[in-house]
């Protein structure tokens, strides 16, 4: 009985550790991409005066859609590379939820599979629902 | 100011923001918005976009370190994220119809509240008898301390869940993590020991911010020239903060930060009333 209890506790701890590793991986990968884009950005226009951030103009179309950002990466546009890194950063917590969902499913924790699915659908509806992608 | 100078100064500022956000458990976003608007005179909408990214970076960076130590209650975080993500989506929708000066005043008010929350007496005690709902939802847990493993139980799950919804709305509206409201929900309402509530709050901030981040990206609030120094700076600060928190007693630092944050909050409210945003 005692041995079995330890086994369950161990597997839960493993899941938690993997979630931590996933978060770290997402953050490290996205920050490396942001750093690469940032260095290219500074080399290309670093000496120019600061853009007029005082007035809100919004971003150009190529930096606000998934399609625009992906197209920009292929032409090595530094701004698009930074934006892609930002997008990866946003995806990191979403990936964490998908990961937790799998972990709860393996543990056969039905209640938490449902709870996780609710959270995931709220985020996906907000991300893809009725928006111009 | 050239782009290069702007970037370097902003990296340094964002590093400090990440450090403060991590040590207080409030998230990097709350410091990034006044830094960008008051110091760099950046439009508050760009500041909100950058703050959302900062919140995600801050949360994910610090959370990965906390999880390693086994303090974070992942089930509790997941359950409460239903409330925060719903709130965040609603907040992002309301944001379009809210004037920027109103957002600045509201931000100042949340900041004042956050400072007060940080100074209040922390709940150190673990509850022995929790509510039935906490039992059903498997929210009770344990965490390691120097004196060994401490078991804790939760009270008033419904109340905590409702405050989390409000925290989500503020998060979606202002682009911040709403760490103070999250801690209020867990610490004061659900009676969770503060070490668990701060780390679980930090863990949840990333998901809450992600729920509204893509909406803001598509609205053009995220500028790469601001995002790049902010993300890298905040990450550096968050990692330093997470490491420091396990080694030092940050109570004196918290008081200093709170006094500073109070002044910043008053300036945000004042500028909002003067229609400077």
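Just so you know, glycine gets a Cβ as well, placed from its N, Cα and C.
Annotations in TrEMBL come from automatic prediction, not curation.
In TrEMBL this protein carries:
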TRANSMEM  B:46-67  transmembrane segment
TRANSMEM  B:79-97  transmembrane segment
TRANSMEM  B:103-119  transmembrane segment
TRANSMEM  B:154-176  transmembrane segment
TRANSMEM  B:196-217  transmembrane segment
TRANSMEM  B:226-245  transmembrane segment
TRANSMEM  B:251-270  transmembrane segment
Q.
Need a quick answer: max count of Cβ pairs under 8 Å to the transmembrane segment (B:251-270), which of B:46-67, B:103-119, B:154-176, B:196-217, B:226-245 is it?
A. B:103-119
Q: Using Cβ atoms only, state whether the transmembrane segment (B:79-97) and the transmembrane segment (B:196-217) have three or more pairs under 8 Å that are 6 or more apart in sequence.
A: yes
Q) Looking only at residues six or more beyond either end of the transmembrane segment (B:154-176), which have a C-beta under 8 A from one in the stretch? A) 27, 29-30, 33, 47-49, 51-52, 55, 76, 79-80, 82-95, 98, 103, 106-107, 110, 127, 130-131, 133-134, 137, 139-140, 182, 184-186, 189-192, 205, 208-209, 211-212, 216, 221
Q: Mind checking which residues of the chain, 6+ beyond the ends of the transmembrane segment (B:226-245), have their Cβ under 8 Å from one of its Cβ atoms?
A: 6-8, 10-23, 28, 32, 36, 42, 46-47, 49-51, 53-54, 57-58, 61-62, 65-66
